[in-house]
Ligand SMILES: Nc1ncnc2c1ncn2[C@@H]1O[C@H](COP(=O)(O)OP(=O)(O)OP(=O)(O)O)[C@@H](O)[C@H]1O
Ligand SMILES: CC(C)(CO)[C@@H](O)C(=O)[O-]
Ligand code: BAL
């Protein structure tokens, strides 16, 4: 049976009963409107822990003014069905006022590794993500926390936060789940019109092209990124935010590949900003 907690105190009550029995806890943070990508994280957490808490919270402090905080899709009834079906037993679903004190003045700011990629276009984003993830880890006392590689920079940033702050949680990265035609599953795909949905395939096609070139031995970032950008620019509905290659461990620009790299992109399809990536040489 699924328990819904709407305040940190309610969630902590359930967690403390689990911890008193010596049970391990997995945490899956989400913003809801769940799909098979989220489901894969929850199922993995269920397989690797005695109990799992899923959070469903559209975190206002990771959105900048003008972003899609108000329009972000929500369907908590459907989310509960998916969470229960995947085997988790606690969902944490607070309102912002339940989670943030009105006079809160503490934020978690991971530097350096947040400067490139999404950090350039969304300079306050990772501060909001790290603050809420830190709070969720504290509330859940998680032994393991699960994040998708779809948000690859987020995964790297959270790993760094956990390392730098000596946090007692293992961060588990999970592979990207895609639609049959290759588009990475994302709650924001719901914003796309039929025409934009077709155009959005340029992201996964660019990923496939980049992977193909690197698997064939190409090691120049300029050549790989050039081919990917050319493909995306040929799609009239697409506008590139960034297509970049960075070192996977510290998210710094790379010119020639000599270690594990993240090749990541953010592309506007109409007004919708989508992301995709691949990791090479991990
Ligand atoms: N296609 C996917 N495959 C694997 N993990 C995913 C996928 N989509 C999202 N996730 C992971 O689920 C967690 C919650 O993500 P979130 O709720 O923002 O979903 P989303 O579909 O990425 O939404 P958005 O449209 O906001 O990017 C994150 O760790 C994210 O990386
Ligand atoms: C990790 C997260 C749930 C924090 O709000 C969010 O950034 C997301 O959905 O990836
Ligand atoms: N998964 C990304 C959350 C965001 O775009 O705010």
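Cβ coordinates are placed from backbone N, Cα and C, and glycine is handled just like the others.
Just so you know, TrEMBL annotations never went through curation; they're auto-generated.
Taken from TrEMBL, the feature active site, proton donor applies to 38. Annotated ATP binding site per TrEMBL: 31-38, 148-151, 177, 185-188, in sequence order. Among the features that TrEMBL reports, beta-alanine binding site is placed at 62. Annotation comment: TrEMBL describes 62, 154 as (R)-pantoate binding site.
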### Message
So if I draw a 10 Å sphere around the Cβ of residue 31 (ATP binding site), how many other Cβ atoms end up inside it?
### Response
19
### Task
Find the shortest Cα-Cα separation between residue 62 (beta-alanine binding site) and the recorded positions 31, 38, 177, and name the residue that gives it.
31
### Summary
In the three-state DSSP scheme, residue 31 (ATP binding site) belongs to coil
### Query
Listed binding-site residues are 31, 34, 37, 62, 187; which sit with C-beta under 6 angstroms of ligand 1?
31, 37, 187
### Message
Using DSSP and collapsing to three states, where does residue 62 (beta-alanine binding site) fall: helix, strand or coil?
### Response
helix
### Query
How many Å lie between the Cα of residue 34 (ATP binding site) and the Cα of residue 154 ((R)-pantoate binding site)?
18
### binding-site residues listed as 34, 177, least Cβ neighbours within 10 Å
177
### Among 34, 37, 177, the binding-site residues whose C-beta sits under 6 Å from ligand 2
none
### Query
ligand 3 is in the model; which of the recorded positions 34, 37, 38, 149, 177, 187 have a C-beta less than 6 angstroms from one of its atoms?
none
### Summary
Rounding to whole Å, the Cα atoms of residue 149 (ATP binding site) and the residue listed as 'active site, proton donor' are apart by 11
